[in-house]
Amino acid sequence: MGKLYNAIFSAGITFVLACLMIGVKLDTDGATLGVTGATPEQWAWIFGGIALVFFSQLFSDQIDAAFRKIPKPQVSHLIPVGDKMTQLKPWLMAGVFVCMVIWPFMVSRGSVDLATLALIYIMLGLGLNIVVGLAGLLDLGYVAFYAVGAYTYALLSQYFGLSFWVCLPISAGMAALFGFILGFPVLRLRGDYLAIVTLGFGEIIRILLNNWTAVTGGPNGISGIAKPTLFGMEFSRKSKEGSTLFHEFFGIDYSSSHKVIFLYLIAVVLVAFVIYVINRLMRMPIGRAWEALREDEIACRSLGLNRTAIKLSAFTIGASTAGFAGSFFAARQGFISPESFTFIESAIILAIVVLGGMGSQIGIILAAIIMTILPELAREFSEYRMLLFGLTMVLMMRWRPQGLVPMKRPVLELK
Amino acid sequence: MLKLENVNTHYGKIQALHDISIDVKAGEIVTLIGANGAGKTTLMMTICGDPRASSGTILFDNEDISSVPTAQIMRKGLAVVPEGRRVFSRLTVQENLHMGAYFRSNAEYEESLAEVLELFPRLEERISQRAGTMSGGEQQMLAIGRAMMSRPRMILLDEPSLGLAPIIIQQIFSIIEKLRDDGVTIFLVEQNANQALRIADRGYVMENGRVVLSDTGEALLTNPEVRKAYLGG
């Protein structure tokens, strides 16, 4: 009986919502506004949807049972454990790294470009992982630091002609500074309140970039940002004046794919660097303190830890990683505008962290790859991209709420 | 070692502690008993600096700590085991213990770890298990062990018997006595007056934010008023 009531109620809600959103439309008819109803075909779809909701609610138990029968993939037994793993690990890492370096020479330019994008998201995901996954501070304005990094490089390169390699650490430093300044007043907030304030901060940065036309170029953005060079060698067809060209120096024919591959390789190195640094940090006492703070603030204070300092360090390091990614993004695109740093970017990065499994680096790398490559594969459905995005999230939370590869901790083995 | 003089504490406008004066000497077990809402935990937290005392002085080793930041107080050789255990449930036992020695060098950490594991052999068995998967008694042992990792000269225990079976409570109390024999001063806040007074050198009784009685543990155990109020006649 309760089921039937529930089903009728859900169907009713669907009916009301569908009627309001699809059933009636406002049209301008000459100078007046007219209300037009939906076409018979649309009505058929609406009622089809209502029927679907009704029956799925009515038979929800059976559907759940069917869902449970779908086997959950067990990846854990694929990964060797214990001594074998510690022996294998360096070889595995070296193998992956070599594959990453060789791979671009064998595939098309488009896929190398896509891989570079995926690497940027990996960097962003890893950075946000420190803040959200380890320290447990929900940050919805992470893209602000990404924007700070990108604009730092773009502006320094435009106004002072500084090179990419000089600007890379400066961008990371600038983003860290912004993280520090924002973190100071904000980190006494917790949970939902922190999320709202960081969301606001993300918007402030974007609006600032949009309106400070004199410096940032406003909505027009900044174009013609210098590409990275290899020890001063450029990757263009013709040199400007005096600078050496990559293909001339090595005596090979010019190919536009050199530049793409070079950018990809920089991204690989940057990601490897970020992974290395974060891995070290996680093993240091400060990394454990982040997790401890997420678990229990009062216990942390009882041990003499300064919670503001710990939160601030997580926030700052997370932000500096975004700054890193941002300056590389600016160098790769050659053009940036506030359009690239909207809230949806923050949401995507957060989705990567949640999807991958909070705190787990492997999971986040996997999720970042999936989140960048899937939309490319599903180009035909680009209109429904956000719909698919939402659907994936709902299914993930139903099927594997702890993320793709949840963070692992040593577990006691029974001997 | 720890001396409170006329300490008053307020939560907003409400006064929780009235003119509390307490003295704990080095090497003692001093217990504080009282009914729910008497201000026991507030007193404990006031010593740690959160909430701050609105007036009065708190001396630890003859140094006034009533306006020192909490994080600094906890690094002065004072350790606290907060009420309700509060272990880091998703971290392993070893990581929990490591957090206790956050401000100490690796060599000192190894040394303290060996000592704590000797004191609690049960923790050694479970060293790489997540703290949240252990039983209440084991978590309490971990909480005490974690506090001991900083090698404190004095330890504040807030209701270590909370929610534990009588036999486990006995174990915990015998460990507390052992700690005292090792030279750690102990300030014990308890509801379980019977057990607490039995091991205590001296005790204070609190009621409505005031200290109403103070005497040796034995005397309080036999005091008719205390018996009536806390020990069931």
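The backbone N, Cα and C atoms fix where each Cβ goes, and this holds for glycine too.
What TrEMBL records for A:7-24 (among others) is transmembrane segment.
Counting residues 6+ beyond its ends, the transmembrane segment (A:88-106) has Cβ neighbours under 8 Å at 80, 112, 115, 260-261, 264-265, 268, 272 in the same chain. According to TrEMBL, the feature transmembrane segment maps to A:88-106 (among others).
Outside the transmembrane segment (A:112-132) by six or more residues, the chain places 103-104, 138-139, 142, 145-146, 257, 260-261, 263-264, 267-268, 270-271, 274-275, 278, 281, 290, 314-315, 317-322, 324-325, 328-329, 332, 348-350, 352-353, 356, 358-359, 361, 364-365, 367-369, 371-373, 376 with a CB less than 8 A from a CB of the stretch. The annotation transmembrane segment is assigned in TrEMBL to A:112-132 (among others).
What TrEMBL records for A:137-156 (among others) is transmembrane segment.
According to TrEMBL, the feature transmembrane segment maps to A:162-184 (among others).
Sequence annotations record features per position, and here TrEMBL assigns transmembrane segment to A:260-278 (among others). Counting same-chain residues at least six beyond the ends of the transmembrane segment (A:260-278), those with a Cβ under 8 angstroms from any Cβ of the stretch are 97, 100-101, 104-105, 109, 112-113, 115-116, 119-120, 122-123, 126-127, 129-130, 227-228, 230, 235, 246, 321, 324-325, 328, 331-332, 361.
Long-range neighbours of the transmembrane segment (A:312-331) within the same chain, counting only residues 6 or more positions beyond its ends whose Cβ lies under 8 Å from a Cβ of the stretch, are 120, 123-124, 126-131, 134-135, 137, 139, 142-143, 145-154, 164, 167-168, 171-176, 178-180, 182-184, 187, 225-228, 263, 266-267, 270, 274, 278, 281, 286, 290, 340. Residues or ranges marked as transmembrane segment by TrEMBL: A:312-331 (among others).
According to TrEMBL, the feature transmembrane segment maps to A:343-370 (among others).
Listed as Cβ neighbours of the transmembrane segment (A:382-399) (distance under 8 Å, sequence separation of 6 or more from its ends, same chain) are residues 67, 70, 72, 351, 355, 375. Among the features that TrEMBL reports, transmembrane segment is placed at A:382-399 (among others).
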